[in-house]
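Participant: What TrEMBL shows for this protein is this:
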- Cys120, Cys123, Cys158, Cys161: Zn(2+) binding site (BINDING)
- Glu135: Fe cation binding site (BINDING)
Amino acid sequence: MSHACGHDHDHVHTLDSGRIDARLSEARRLCEAQGERMTAPRLRTLELILSENAPVKAYDVIDRFHPDGAAKPPTVYRALAFLEQMGLIHRIESLNAFVACQGHADGKAVQPHAAAFLLCDCCGSSEEVAVSLPEIDQQASASGFETRRVTLEARGLCKACR
């Protein structure tokens, strides 16, 4: 990834393999508890997203899916849709990319929630933050609108890049 700033980006870290394995195991348990199957393509897609330190585009997942070649796009898109539906990943709309839900990082099942992200324009990192959006729900309800999903994105510079 090319960066807009000229400093070192060693502050952007990926999960180690042990933490990725733990998150994958938790995802399997969550799916089983919901009566769903965590198939091999779904698991591999989640693994690839967890292994990145920044939002991942679908075609990057497709390209990295198999060591010997790309996966078929419909396989990955179905896996992404499933993982998003299960609340294991979030879509960052402005980037058309995906990140793992950080609410599952501590091993607890997470209720559906508004996803809010701090996106660094310099290093490309993203951080999910907890927010409460009752005003949006109230405004939507007053307009007769049923909110199904809210994603909030704030762009700027992370602490390390400032």
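Cβ atoms are placed via backbone N, Cα and C, with glycine included.
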Participant: In terms of DSSP three-state secondary structure, what is the assignment for the residue listed as 'Fe cation binding site'?
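Facilitator: DSSP call for the residue listed as 'Fe cation binding site': helix.
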Participant: Taking 10 A as the limit, how many CB atoms besides its own sit near the CB of Cys123 (Zn(2+) binding site)?
Facilitator: 22
Participant: Would you kindly give the Cα-Cα distance separating Glu135 (Fe cation binding site) and Cys120 (Zn(2+) binding site), rounded to the nearest Å?
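Facilitator: Pair distance, Cα basis, whole Å: 26 Å.
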Participant: Expressed to the nearest Å, what is the distance separating the residue listed as 'Fe cation binding site' and Cys158 (Zn(2+) binding site) at their Cα atoms?
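Facilitator: Answer for this pair: 27 Å between alpha carbons.
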Participant: Among the binding-site residues Cys120, Cys158, Cys161, which residue has the largest number of other Cβ atoms within 10 Å of its own Cβ?
Facilitator: Cys120
Participant: Under a three-state reduction of DSSP output, how is Cys123 (Zn(2+) binding site) classified: helix, strand, or coil?
Facilitator: coil
